[in-house]
Amino acid sequence: MLRLNTTDTGFAEAFDILVGARRESDAGVAADVSRILADVKAGGDAVLRELTQKFDRFDLDSNGWQISAAQCAAAYAALEPDLRDALDLAAQRITSYHQAQLPENRDYRDDQGVRLGAKWNGVDAAGLYVPGGRAAYPSSVLMNAIPAKVAGVGRLVMVTPTPDGEVNQTVLAAAHIAGVDEIWRVGGAQAVAALAYGTEKIAPVDVITGPGNAWVAEAKRQLYGVVGIDMVAGPSEIVVVADGQNDPEWTAADLLSQAEHDLTSQSILFTDDAAFADAVTKSVDVQIAALSTGKVAGASWRDHGAVIVTDSLESAMPLVNLLAAEHVELATDMNRAEALFAAIRHAGSVFLGRHTPEAIGDYVAGPNHVLPTGRRARFASGLSVLDFMKRTSFIALDEDSVRKIGPAAARLADAEGLPAHAASVRKRLK
Ligand SMILES: NC(=O)c1ccc[n+]([C@@H]2O[C@H](COP(=O)([O-])OP(=O)(O)OC[C@H]3O[C@@H](n4cnc5c(N)ncnc54)[C@H](O)[C@@H]3O)[C@@H](O)[C@H]2O)c1
Ligand SMILES: N[C@H](CO)Cc1c[nH]c[nH+]1
Ligand SMILES: [Zn+2]
């Protein structure tokens, strides 16, 4: 874990290194992924079977490639009642948040009599990547599939790895609630390739969404253009901005909540209180020792964690914007959190006040937990209904309106040296 104080000599250089560190994907991962994509494109199901054997340690032919709707319904029926209620509550809150994102079609006539507008349509088929390597993610099933359903996507195809052939029943139950159409037991870059190119068994999709580890994130990045993608959502990150009035145990738990996702996850604390920073650091160590995920969380904290003491929380905001983190917690009283929030320009999702732990957003708040990582919140947003939709604009002229705006179009076509364009307009002006 890196400990810095903004008054240290050399702080600027040390912070630059923290901002510039590439945690997600190095040249080795990129090269591995290109190879996997090319192999799946050429070899289809046989390569999927071989890579699943290698990375997930089971045979698709003997264990089954797909999970049926009946298996998902049975998993839902067998859930413990409190878990079923929790999933249902999450699904209901995620649905209502995403329904409010549905865009409106536009259709109007401007003052020159030209009818203009745009209509929105869902894509035909969406591929939903649900991570499953280190942990199973029923919440990510809901976060991917519900916006796709709300967008009106016709075919929802989920891929998820089932390491050692073990199928997570809560993942299946979530797929039942969300109305997923197909589930394939493949993961990693090879699953993303199968969704993009199609194989003998798996028909290709139009858009691939969802989070995953470095190989999954890199595969989506490389396949953009063959298919649409939501954004690059890699290993989780959290920045906590906290004053000294917080309970250090709460803050430590918040940092560890994201560190436990992956060896390459990142958790960073900004505080204006050095004694509080010490107390949080101590509590992180105590809690790591008690976590079943302590090995991963400990490595993430050791290799990528940071504690930065600043003069004031307000002066930390430009640094927080430079990090453009997936999650930012503003752990102060609500008035101060509001003021700090006004200064945030780049973050995937922000959590205001001491009583809003990031983990609430992971599960039940409603906004999507699939969020840009690796500083991509500078230009990207969390998964939304719009990622499963596209807009078709339209134009309708009549004899009068073509006479009004046509001459300018023809003149511009002349200027571009495109006479067929000019003629197609001028013939209508006679
Ligand atoms: N940003 C977000 O919105 C968000 C949300 C949830 C989870 N996450 C992240 O998702 C990730 C989940 O990772 P995971 O590993 O548990 O599951 P995963 O499903 O993303 O990856 C598992 C697969 O990775 C592949 N793989 C593993 N090692 C490989 C290697 N050496 N070479 C090639 N392929 C390899 C295998 O095919 C395996 O099936 C975590 O990083 C977590 O932080 C992010
Ligand atoms: N924190 C993850 C996004 O970075 C989402 C998640 C799912 N389950 C638990 N957490
Ligand atoms: Zn999480």
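Count begins at 1; order follows the chain as displayed.
Backbone N, Cα and C atoms are what each Cβ position is placed from, and that goes for glycine too.
Remember, it's a predicted structure, so these values are computed and weren't measured experimentally.
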Would you identify which residue of HIS304, HIS327, HIS346 TrEMBL lists as part of the substrate site it also attributes to SER236, GLN258, HIS261, ASP362, GLU416, HIS421? HIS327
Give me the count of other Cβ atoms within 10 A of the Cβ belonging to HIS327 (active site, proton acceptor). 26
With neighbours defined as other CB atoms within 10 A, the best-packed of the recorded positions GLU326, ASP362, GLU416 is GLU326
List, in sequence order, the residues of the same chain other than TYR129, GLN190, ASN213 whose Cβ lies within 8 Å of the centroid of the Cβ atoms of the recorded NAD(+) site. PRO131, GLY133, VAL159, PRO161, GLY187, GLY188, ALA189, ALA191, VAL192, GLY212, TRP215, VAL216, ALA219
How many other Cβ atoms are found within 10 Å of the Cβ atom of TYR129 (NAD(+) binding site), counting all protein chains shown? 30
Would you mind sorting out which recorded positions among ASN213, SER236, HIS327 put a C-beta under 6 angstroms from ligand 2? SER236
Taking the Cα of HIS327 (active site, proton acceptor) as the centre, which of the binding-site residues listed as GLN190, SER236, HIS261 lie within 10 Å of it? SER236
